[in-house]
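Asks: Sending over a structure as structure tokens; questions will come in a sec.
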């Protein structure tokens with residue numbers, strides 16, 4: 001398949017719009033799952049740690065399965081994967097409305113919806129990159145805000161639907177809304193060349209002649225019959241053998257000739273296919289070895305090793321507030337009259353602001369993106385330490401906004417990864433880091449919930465969360481200081497418009 005040059009516009013803006021709404025529709029409910037979390041606690045009566053697994057799986061399973069999602073999009077294309085994943089998300093949400101227990105929700109909401117979201121995220125990012133080159137950063141930034149806007153709207157929407165139709169009706173309606181992903185996917189036209197030359201030969205014509213067993217057999221039969229008929233006529237003139245005996249001899253000769261030729265052709269085919277399989281297996285094994293060698297080289301980079309620890313600890317400690325903040329407010333006995341807006345909605349809208357603001361700051365030459373990322377980690381840790389001291393809606397709203405803004409550091413994380421390992425190793429390194437981010441998303445909320453089940457209060461849980469984030473930030477800062485100074489000293493020798501990656505990758 002031949003692709004055109006990315007147009008950086010035209011139908012690409014349609015792709016941006018439908019990708020925005022795709023992430024809005026698929027991530028709205030999983031990111032705003034804190035509203036559903038309260039209802040599941042009351043409905044099933046399970047512990048907070050066990051119930052928190054539902055939301056953590058829905059947000060973490062897509063990151064854990066990111067390599068599988070990439071393979072699916074590469075094999076089938078963005079449009080089929082988007083349509084199929086739309087059915088997954090809608091079906092998982094609708095099935096969750098009939099959940100008889102919390103374990104059913106682990107599968108229907110946690111795994112099915114989570115995997116569908118992971119596939120949709122990969123599909124939207126991939127097709128957007130196909131359509132944009134010079135404006136790729138702007139396009140990716142626009143579609144990434146879809147999930148944050150979805151968090152803001154779905155938090156209030158699901159709360160209102162629960163009041164009107166109950167938990168089951170809310171999930172059915174939200175699942176029906178997710179079916180609009182199918183319409184978005186149908187507009188994801190692949191970027192193919194309309195004037196691509198037709199293939200020179202079909203697949204059949206490219207196959208070597210020795211593989212055509214039946215062709216060889218028919219050819220041999222005709223030749224043997226013509227030769228044997230000639231010999232038969234000469235032999236009949238000399239011998240007085242009866243006709244039925246001569247026919248039997250001829251049939252035996254023809255069959256033996258066919259069998260010999262078939263055996264030879266079959267043996268050649270088996271030998272060639274065996275050699276081909278051996279070569280493919282050897283090549284596959286070599287690819288696996290190269291992958292693990294490249295992975296070990298990445299972990300020899302101390303900044304990358306610290307970055308992987310930091311993203312893991314950040315997701316363990318920084319993700320639970322978006323899931324548990326509503327229950328924190330309820331545990332603090334906040335008056336409902338003071339409850340003007342869901343705290344999760346505040347987190348969602350401030351995450352959008354944070355993504356855009358931090359992304360703009362990262363484009364300034366005087367801003368070091370690694371130090372900027374470390375600053376967000378340290379400030380997140382301090383905000384988490386402050387949650388146990390918040391006893392009013394106003395203070396919780398301010399902390400929710402602060403945490404939401406700082407969570408927008410996801411927009412600069414690719415910048416940090418690129419500066420750490422280099423542009424040539426970005427894909428490999430980013431996949432590894434996203435896997436560990438998925439681990440943090442999956443285990444963070446249950447760990448915080450278990451702390452509550454153990455102590456019957458959230459104070460210890462958020463002290464633990466703040467400690468995790470601060471530890472990751474300090475480790476990354478200590479690992480980056482000498483490496484980043486060396487990087488700055490060598491990059492200063494380059495022209496002002498040159499962006500150096502090689503120093504960090506050799507650290």
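In case you wondered, yes, glycine gets a Cβ from its N, Cα and C as well.
TrEMBL does not curate its annotations; it predicts them automatically.
Since this is a predicted model, take the numbers as computed values, not measurements.
Got these off TrEMBL a minute ago, pasting:
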| type | residues | note |
| --- | --- | --- |
| TRANSMEM | 12-37 | transmembrane segment |
| TRANSMEM | 57-76 | transmembrane segment |
| TRANSMEM | 83-103 | transmembrane segment |
| TRANSMEM | 109-132 | transmembrane segment |
| TRANSMEM | 139-158 | transmembrane segment |
| TRANSMEM | 164-183 | transmembrane segment |
| TRANSMEM | 303-319 | transmembrane segment |
| TRANSMEM | 339-358 | transmembrane segment |
| TRANSMEM | 370-390 | transmembrane segment |
| TRANSMEM | 396-417 | transmembrane segment |
| TRANSMEM | 429-452 | transmembrane segment |
| TRANSMEM | 464-484 | transmembrane segment |
Asks: Mind pulling out the one from 12-37, 109-132, 164-183, 396-417, 429-452 with the most Cβ pairs under 8 angstroms to the transmembrane segment (139-158)?
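Replies: Ranking 12-37, 109-132, 164-183, 396-417, 429-452 by Cβ pairs under 8 Å to the transmembrane segment (139-158) puts 12-37 first.
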Asks: Against the transmembrane segment (339-358), which of these stretches has the most C-beta pairs under 8 Å: 57-76, 164-183, 303-319, 396-417?
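Replies: By Cβ pairs under 8 Å, 396-417 leads among 57-76, 164-183, 303-319, 396-417.
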Asks: How about long-range neighbours of the transmembrane segment (464-484): same chain, 6 or more residues beyond its ends, C-beta under 8 Å?
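Replies: For the transmembrane segment (464-484), the nonlocal Cβ contacts are 302-303, 305-307, 309-314, 316-318, 320-321, 368, 370-371, 373-374, 377-378, 380-385, 444, 447-448, 451, 504, 507.
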Asks: Can you tell me which of 57-76, 83-103, 109-132, 396-417, 429-452 gets the most C-beta pairs within less than 8 Å of the transmembrane segment (303-319)?
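Replies: Looking at each of 57-76, 83-103, 109-132, 396-417, 429-452 in turn, the most contacts to the transmembrane segment (303-319) are made by 429-452.
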Asks: Near the transmembrane segment (429-452), which same-chain residues lie under 8 Å Cβ to Cβ, leaving out any that are not at least 6 residues past its ends?
Replies: 47-53, 55-57, 59-67, 70, 295, 298, 304, 307-308, 311-320, 323-324, 413-414, 417, 420-421, 458, 460-462, 464-465
Asks: Looking at 57-76, 83-103, 164-183, 396-417, which one has the highest count of Cβ pairs under 8 angstroms to the transmembrane segment (109-132)?
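Replies: Checked against 57-76, 83-103, 164-183, 396-417; highest Cβ contact count belongs to 57-76.
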Asks: Near the transmembrane segment (57-76), which residues from the same chain, at least 6 beyond its ends, have a CB less than 8 A from one of its CBs?
Replies: 30-31, 33, 106, 109-111, 113-115, 117-119, 121-123, 126, 319, 431, 434-435, 437-443
